[in-house]
Every structure is written in C-alpha cells, then in structure tokens.
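Structure first, then comments.
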Amino acid sequence: MQSIPDARQQSFEELYGPPENFLEIEVRNPMTHGVGRGMYTTYEIVMRTNIPAFKLKSSSVRRRYNEFEAFRDILERESARVTIPPLPGKVLTNRFSDDVIEHRREGLQRFLQIVVGHPLLQTGSKVLAAFVQDPNWDRHAWVLGCFIAWRLRHQSKTEWLSSNRTQKGVPLALNFIASANLGFYRTALGSGILFTYPQIATIAGVQGLLVYALSSALPLLIFGALGPIIRRKCPEGFVLTEWTRQRYGAVAGIFLSICTLITIFLYMVAELSALQQIVTLLTGLNGLPVVIVEAAVTTIYTSLGGFKVSFVTDNIQGAMVVGLIILGVIAVGVETDIQRPLIEQSGYLNSSLLGWQLLYILPVAILTNDFFLSGFWMRTFASRTDRDLWIGVSLASVGVLIILTLVGVAGLLAAWSGAWDMSDVESGSLALFLLLQQLPNWVVGVVLVMTVSLSCAAFDSFQSSMVSTGSNDFFRNKLNIWIIRACVVAIIFPVVVVALRSPDILQIFLISDLVSAAVVPCLVIGLSERFYWYRGFDFVVGGLGGIFTIFLFGLVYYDGDTRLAGRLLLLEGGLYANDWSAFGKLLMVFPVGTLLTRLGAFVAAPFGGLLWAFGACALRISTLWVWAKVKGHRFNALDRPVPRQMTRAGAFDADEHAPVVEHSVETGKSGRFF
C-alpha cells in the first residue's frame, strides 16, 4: 500500500518567518567627502542575517574603495582554496560622477554577495565578519601584521623565538619606544599613557610630570649598560631568565621566570582594558569589538611570525606614533584656549610633597620592573653590536621622554583651559578626553588612530615575549613550533576575560613593583666577577626576604598592628597617599630613629632584600663549612671558578661589516643553586 505523504499544515512562522540561513547584503547610499585632491567616496554596507558565523543579525558600516581592495588582498592570502571574485576596475577620469559611482556601487555589491555567501569563507575567514559588520575595522592592522606574518610563516623555531644579533640602532630605538615601561597603570608605550600622564600632571603638576617622564625614559639606558655584559656571559640566550638559570641554577631561573610571566600577563590585561575604555570615551561606542579585533589580529600574525613580526610591526607603528604625536600636539596647541587666571590658581608650577616622593619611588620601581619584561631583553640580544644597542636605547630614551611629556601636558592644558574642573580630583585620569571634547572631530580621529597603533605595537610584543620566555624556561625550547603557536592562541583567552572584568590593575601593578624592587637588586649581584661565591639560594632568599621586610617595616611603622602592616604590603592605600607612609618600601629601615622610620615603606624592599641575601649567603657558607668538617671533605665554597673560554663566530665589532670572533667566558661553577 502506498504511503500517504505528510500533509501537516505549515505554521504562520514557517510560512512568513525568515528562512533558515537567511542572508541579505546591500551596498547603497554612496557619499562623497572632502574637496579637491582629498575627495573620496564611501559606500554603506547593510547586512541582515541569522547565520551563526556573523555575530550581528543586523549591521551597517561604511567603507572606501581602497578598503575593499585591502579586504580582497587579505582574503586571497588567508583563503587559498577559494577563488576570490574581482572588484570593479579603477577609473582614472570623472571618478566622482554619478554614473561612475553607481557603476562601482553595483560592482561592489556583486562582489560582496559572492564573498559573503561563500560557505568556506563564512567559516574559515578571520576578516570577513569584521569587514562587513565592525565599524572600527582597521585595514592597516590586518594588512601590516598578517602580510608580514605570512611572509615569515616558514621560519625556523629559533627564528620564531628570537633574532639575536640582527638589528641596527634606529630600528631598535623604535622598538624600545613601542615597548617602553611607563610606570604605574602602565601598558608599555600603549594606550594607557593617555590616562596616566595627564592624571599625574593634574595631581603633582609640572614637577610630578617631569619626574614621571624622566623615570620612564632613563631606565632604558640600563639595557645599554648591562646588555653587553649579559650577552657575553650568555651568548646563546635571548632572555634574562636564561642567564639567571646558567648563573644561579634551575630553581632561581624558574623563580624569576614566574615573576616575569605574571608581570607580562598584567601588562596584556591592562592594555586591553585601557583600549576598551579609550574607544568608549572617544567615540561613545562600545569598545569591546575593538578589543576583540585587536586581540584576534595580533594573535594571528604573532602566532605565525613570532618575535620577528613583532619587531617589524613595532618599527612601522612606532614611526606612525611619532608622526601622530606631532600632528596631535600641533592640533591641540592651536585649538586650545588657555585662561591665564587658572594657571596661578592651579599651583601646577610649584613643587609638591608627592612630586618629591615620586623622585625616588618611580625611578626605583620602573627601573627594577624593566628587568621583568622579556621584550626588552629580546631586543637587547637582537642588537647587532654593542654600539647599535647604545644608539637604540639612547634614541629611545629621548623619544619616550618627549612623547610622555607632550601627552602629560594635556592634563595641564585641560585644567588651564577649564575643560577639567580642578575640584574634581577623581576624574583627573580623564583630563585628556575632556580636553578633546572641545576640539574638532578630526583631532579626535588622529588620537583614535594613534591609540590603536600604540596598543597593537605594545600588545604583540607582550605576546611574543611571554611565549618565548615560557618556551625557554619551562620547556628548554624543545616544543614543536606549532605547539608554540598554539600557546599564543591559548594565552589570549584568559587575558581577554580578565581585561573585560576590569580588576584593580593599579594595585596589582604596585605589588608587582614591590616584588621587582626586592628581587632585582639581589639578582644583579651575580653580574660582578667579585661575587663568584654568590649562589642561587642567596638570590631567592634575598628576593623573598625583601618582600617580607616590607611587612616588618609596617609592624614598626604601625606600632605592631599586623593588619595595617599587611595592608601596607598590599599598598591598599594606593601610591598617591598624602603622607610619607608609602615612601619607604625600598630600604631596610630598622627602628633606630623616628626620621628613618618615617621614610616609609617604599624604601624597604631592595636594601632589606640585600641584607637577607647576604645573611643567607653567610648561613649557606657556614653550613657547607660545617658539612665539610663533619664529612672530612675539602671546603670549596669560596674557591674561585676556573674560567672556561668559549669561541663563537658571528659577532661583529664596531665595524659592522668586519666579522670578528667574540670570546665568552663561562665559569665552571655557574648554575649552582646551593
């Protein structure tokens, strides 16, 4: 018997609702902007869909023809199995006539209908959804990073992780500028500087701003001083933790590596958090899509190209930032109206208590924290010669000083122009953005482009340095390159999640600064040949002891109150407390006098750590002496190691074209923990 087909009547939704995998895209409403040679036409892309590959069901964005060209180029590189249709041809004459514009609109619509409707592109393309739906899509970020990464995709694992002795002075300078450590709430020379430096100007005036800028710029010179020493002692390394492992042993190397990785993670979180806030403040739009796009773009090209692509993009983005800073300063200077009575009222030309505090706190905190940033050490090892390294860090120090001072002056201008109410102290971090609200939209656009360039340059550096450090310290560079690339992708997820939750990054950074202030002085002792008897045990105990010294100082300062001493260790009162209690965290202060006690906690860590380190050294040597006597062995803890000379080719002297042989001395006793 023949079966009767199902004659169930369709519902109203099934009859008149949108079909499954519904997609409509239209290019419409062309608009011509500008005058003369600056004229260009944009086209509105309107899209409606329920396909899961696209995050928005309805969207509208505007694109120029050259953005369509960049989009098509990226599609061809990332989708080799798909034939990408051509765009309508370029027109040399009468480009802005109605007929030409309409003909181009029709061609662009046909192009998008084919591309957007292709199932392989819907599921496999990283750029498709962003181009047709994200109003903040940046063709420069995609084209620059992805193109360079694609060219470098076949490099070896060693080339992915580092680029030792390959770079000259000027490219190094641009890279150090892009990676510069900028103090509290810092994100290297990233988007966070638009908050922090104007804020310090509104709090501590000209004195505080200059101290802050100098404290951020001058520590870069330490890499010119110590870099050649470390590179000769550890020529095959590319991060500080490798020298630490060879000098102090595996335990000490892992200890420093953990401090390094946590610090870099905090920088990445702070960068994305700052970028989201800035985009929201400048445009009034949700900054989340920009964060997602930046994270995706930098992850793609960093995972493919590694350190080398980060180095190249930092060069280009660093040059862009310098140009944009100059343009922005000119624009702000011309458009801002200063009210002279507010200059005297502000008191910003006078010195302040906080300004004198920062004169000690910031140089020590930023200098020591720079040692935790692997990106600096990778660039130090990448310098072709010691002269190139000095040229790079010197130019970078001057450039960073100028850039940060100019950005910070925006805080002064906001107060002196009345854009920022000086009685509203809590909104000081928004001074630059309040000033921009009074300026033309094109100035805001320049600042927005500068922000994205800064952020990308900083973020990809953190990604490559974090993965390179982890690969070297925990896996001894034995991981397959594809596993290393997968690590770049895996790291981005917790970074984005933590950034979007917006924790108190400032307080965490302050704790990180205290740790570096305690650890680094104990670390650098091993650079001197005079301290050949200094071991990894002494270094680790000294670092941990320096942190504990802060708590001991708190007990003295707060008359034995353990709760307040613990809060001082965590800096819950913040950095800008209006007394000297936060000032002493960097010098071991014993209760021998009221004056020393009031220096505060930001003096306890380094000197306290050094006392703990030498105390641990004395205890270790005494223990080894007793052990030698008990066992009848020869006591050799104070024997000077016999130098072992190693010859390595490939280094260059002051004449960059004349190859010479570099002699590296490694001691037989290096790497001993106890």
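Cβ atoms here come from the backbone N, Cα and C positions, even for glycine.
Note that TrEMBL annotation is computational and uncurated.
The domain 'PX' annotation in TrEMBL covers 21-138. Taken from TrEMBL, the feature transmembrane segment covers 172-197, 209-227, 248-269, 281-304, 316-334, 354-377, 389-419, 439-459, 479-500, 506-527, 539-558, 595-619.
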Paired segments the transmembrane segment (209-227) and the transmembrane segment (316-334) in contact, 3+ CB pairs under 8 A: no
Residue distribution over DSSP helix, strand and coil in the domain 'PX' (21-138): 49 helix, 28 strand, 41 coil
Confidence summary for the domain 'PX' (21-138), mean pLDDT rounded: 85
The transmembrane segment (479-500) and the transmembrane segment (316-334) contact flag, 3+ Cβ pairs under 8 angstroms: no
Sequence-remote partners of the transmembrane segment (248-269) [C-beta within less than 8 Å, at least six residues beyond its ends]: 186-188, 239-242, 369, 372-375, 458-459, 462-463, 465-466, 469-470, 473-474, 491, 495, 498-499, 503, 505, 508-509, 512, 515-516, 519, 523, 526, 535-536, 539-540, 543, 671-674
Folded-back contacts onto the transmembrane segment (316-334), same chain, C-beta under 8 angstroms, at least six residues removed: 144, 174-175, 177-178, 189, 399, 403, 406-407, 410, 413, 435, 439-440, 442-443, 446-447, 449-450, 453-454, 456-457
